[in-house]
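Annotated features, as they stand in TrEMBL:
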DOMAIN    B:1-306  domain 'Heme-copper oxidase subunit III family profile'
TRANSMEM  B:29-52  transmembrane segment
TRANSMEM  B:79-99  transmembrane segment
TRANSMEM  B:111-131  transmembrane segment
TRANSMEM  B:242-273  transmembrane segment
TRANSMEM  B:285-305  transmembrane segment
Amino acid sequence: MAHVHDEKKMVKTIWIVFFILLIVTAVEVILGIIHPEPLMVEVMGTRLLNHIFIVLTLLKAYYIVAYFMHVKYERKNLIWTLTLPTLILIPYLTFIVLTEGSYMYKIGF
Amino acid sequence: MATQTITSEQNKNVWGGGNEPFGASYGKLMMWFFLLSDALTFSGFLTAYGLIRFRFSDVWPVPESVFTHFPGLEGDHPLLYVALMTFILIMSSVTMVLAVNAGHHMKKDKVTLWLLLTIVGGFIFLGSQAWEWYHFIKGEHGSVKVENHVYYIADENGHRVSLAQLVHGIEHAHHGDHHEKFTDSQVISAFLANKDMRLKDPGKVGKTYSRSESESLIKKSSVVQGANLKENEYGHTLFANFFFFITGFHGFHVFSGVVINIVIFANVLLGTYERRGHYEMVEKVGLYWHFVDLVWVFVFTFFYLV
């Protein structure tokens with residue numbers, strides 16, 4: 001099995017990941033409270049700030065899945081089995097549904 | 001270990017069973033496939049929220065003006081409370097992964113401690129969510145509605161005014177009983193008597209109506225205080241519906257996670273996994289628990305932040 005790394009080293013990694021998650025969340029909250037004016041410009045249908053939020057969220061998701069859920073240490077075939085369907089289906093669904101939503105707004109459906 | 005002997009026999013016995021092509025046990029693999037389908041379920045909910053939000057983008061309530069309470073603090077503190085909830089859940093994810101790690105090294109005492117802390121974290125999160133629901137349901141400012149369209153009360157500059165301030169005067173701050181129930185006629189007569197008052201749309205655009213438009217609207221209006229599935233003072237009905245459904249479905253996951261954690265905890269105490277020779281069950285439940293944290297990260301962004 002893949003659990004050959006020693007315990008102390010793993011505990012250290014866990015706490016590093018925790019602090020990354022903490023800092024990213026803190027940054028999100030601070031940005032969400034102060035709403036910096038330069039980030040309020042419209043880029044691709046929504047404010048730049050929202051794009052930043054999404055990137056930071058995906059970053060947090062990566063750290064949770066890779067380290068806490070141990071995916072980084074799994075075999076390649078398992079990694080791809082889990083990530084490919086999510087990476088294809090969820091952005092696809094999001095894209096069609098949000099496009100449809102703005103169209104419904106436009107025509108007042 | 002068993003895996004080693006299997007690998008050496010793999011060439012002559014590939015199709016004979018007993019292999020682990022993914023390097024993960026059956027139970028772990030099935031947990032992963034369940035989580036995959038659950039991830040798609042949650043993305044279905046969140047994209048449905050996105051659809052409706054984009055559809056009503058001009059009047060959709062601004063989340064940071066809805067969730068502003070913090071226990072023990074007066075006034076508006078947007079995002080602070082959800083940030084705390086996020087912190088609690090990330091923290092309990094850390095204790096869980098520490099329990100899994102201790103399990104790999106067969107340290108029963110450490111598994112017991114970390115798992116116990118995870119359960120405590122889960123209960124704190126559930127309690128926080130109950131508190132947030134309570135305040136969401138009870139409401140704060142109060143609004144009026146005309147045929148399913150919710151309007152906020154505002155002064156001539158477009159600053160929001162609560163029903164209590166409208167009826168008892170602007171200087172009536174948030175002290176005392178701001179959960180007083182108001183009748184339609186109380187609000188309508190107070191509104192008509194105060195020439196500074198206007199009606200305003202919810203949302204980022206938040207159009208403020210002229211005094212004459214406001215007057216003709218208010219006469220047909222009824223009071224909305226708090227939130228339920230049929231109406232809510234924050235704006236569009238679907239806003240509260242999605243809030244209850246998505247955070248409720250997530251909260252139900254947390255609740256199930258806590259229950260499963262308790263079962264596993266009892267087994268750890270009884271020494272079941274010690275006798276079995278491995279703590280893989282803690283690992284499988286750990287996957288579920290991290291997934292709950294993962295979903296919250298997305299709910300936090302798309303419900304509270306964006």
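Each Cβ is built from the backbone N, Cα and C atoms, and glycine gets one as well.
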Q. Which sequence positions outside the transmembrane segment (B:242-273), separated from its termini by at least 6 residues, show Cβ-Cβ distances below 8 Å to it?
A. 38, 42, 45-46, 48-49, 52, 89, 103, 108, 111-112, 115-116, 118-119, 122-123, 125-126, 129, 132-133, 136, 227, 229, 279-282, 285, 288-289, 291-292, 295-296, 299, 303
Q | Same-chain residues at least 6 beyond the ends of the transmembrane segment (B:285-305) whose Cβ lies under 8 Å from its Cβ atoms | A | 28, 31-32, 35, 38-39, 42, 46, 49-50, 63-64, 67, 79, 82, 85-86, 89-90, 92-93, 96-97, 99-100, 118, 122, 242-243, 246-247, 250, 253-254, 257, 260-261, 264
**Q.** Local confidence of the domain 'Heme-copper oxidase subunit III family profile' (B:1-306) - pLDDT mean
**A.** 90
